[in-house]
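Enquirer: Take a look at the following structure, please.
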Amino acid sequence: MNFAVSFRGNFGVLSQCSSCCDLRFQPLLASPSLAKSKRCRLRNLKFSQLSRRREIVCRVTETETESDSNNEKEKEENEGGENPDTTGSAERNDSQIDPQPVNVEQIKNNGAETIAQGGVQEDGDVEVTSGSPLPGVKPQQLDETMRIPKETIDILKDQVFAFDTFFVTSQEPYEGGVLFKGNLRGQAARSYEKISTRMQNKFGDQYKLFLLINPEDDKPVAVVVPKTTLQPETTAVPEWFAAGAFGLVTVFTLLLRNVPSLQSNLLSTFDNLNLLLDGLPGAFVTALLLGLHEFGHILVAKSTGVKLGVPFFVPSWQIGSFGAITRIKSIVPKREDLLKVAAAGPLAGFSLGFVLFLLGFILPPSDGIGVVVDASVFHESFLAGGVAKLLLGDALKEGTPISLNPLVIWAWAGLLINAINSIPAGELDGGRISLAIWGRKASSRFTAVSIALLGISSLFNDVAFYWVVLIFFLQRGPISPLSEEITDPDGKYVALGVLVLILGLLVCLPYPFPFTDESITNF
């Protein structure tokens, strides 16, 4: 869907750059010598505010000429089978760039004066690319001081970006910043590091760089925006207060879910609060798995430098809880870091949940009776049904009641909560994993398919209905942009992410085979 955004003031026609050789002045007198003198005076009087800009452009022109010659030498070396020393070329390029520090305030003032005089930049509507290279980002209300001046954009294009990192071919204004299109040179991670270092040396912490994939043509683009536009939004209610309220309700639903006598009449719960204590063991096991899931996220996020918000536990009277919604409050550096953080929680929850699930089949009930269930309940999960058939054997038959240790049911609930959060949709753990492994475009397709399948499942399962509503209104995304989204994660982390998605699928899919003597052989 195409959309147009009007940028006025600092953003004019950015794709054209004037050099000092392009400035022409009409002679005042017929005499050549006198005309030359008058032109010099006119230039000194009326265009003194552009001297700094012209000086920069001249220097950049010389730098680009030298860079092009170096680029031709680099191509010749590549054709000869030699790998150029990118570090050395970066150092040579940096030495060619204007060594004087840039006065950012002076650039802003010059840009403002130029706009006021109308000598260089013109107001007008500028059409921006369709799609959003910065999905999930809601820039604050912009004013003229928050936008990037044209002089700064010229410095970014000609001095920060270079032939050894990202060769700029065009640029467009975007969300108060600028989107650079061009050719990425070398590895994306190294190029991002070099560009960030140069931008830090020139402008400090004023601007933020994103190296992303353009949704229009799937080619790399660089987006630079003022950091002041990326400040998180504040809420009227403190985050910890809202999270605490949700947590108390979740504790109540966890206790209620493990007391079947109260589930048939919820209003009777307030008259029989002492019965809630009977659900304490089951609530403790499920809460333990939920807590371990969130602890996995927190532990890995701390090691990768990612800041997480307070987890909001979502209550559910069907299974006790739907898990927790945890916001990522900082910008994730790369896809591998996102994959680590997203996969850590489900891996921790699945690991302990599966161990407790197996122990439930092995250990006898403490009271000798346990929980009596019909064998058909194991058709609800492919993983649970397969494990039950392997461990119980011929004892598991259709229509036959089975006495089980309650730990099986408690652990199963924990596995289901982890599996729901592993669905590859939106900002769920599974959605973040799919983006980290396959990229943003594939992740959006997974989200659409997952929501559609959950919508169909909701016709037959009330848990699926509530979960699809939760995803659609709270968690459908899009996921906020990463600093560098081009580099693929390491293979071992990809394997762990795929494992999480497969385990979630096995827990959610039904067991289709009948529980008979021959079913295990056919399986």
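Placed from the backbone N, Cα and C atoms, the Cβ positions cover glycine too.
Note that TrEMBL annotation is computational and uncurated.
Model, not experiment: these values are computed from the prediction.
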Enquirer: Between the candidate ranges 12-32, 306-326, 411-431, where does TrEMBL place the transmembrane segment annotation?
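Expert: The listed stretch tagged transmembrane segment in TrEMBL is 306-326.
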Enquirer: With the transmembrane segment (493-513) as the reference, which stretch in 240-259, 280-300, 306-326, 338-363, 446-473 has the largest tally of C-beta pairs below 8 Å?
Expert: 338-363
Enquirer: Decide whether the stretches the transmembrane segment (338-363) and the transmembrane segment (240-259) have at least 3 CB pairs under 8 angstroms, with pairs required to be 6 or more apart in sequence.
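Expert: Between the transmembrane segment (240-259) and the transmembrane segment (338-363), which are separate recorded stretches, there is no contact, as judged by 3 or more close Cβ pairs.
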Enquirer: Mark yes when the transmembrane segment (306-326) and the transmembrane segment (240-259) have three or more Cβ pairs under 8 Å (sequence separation 6 or more) and no when they do not.
Expert: yes
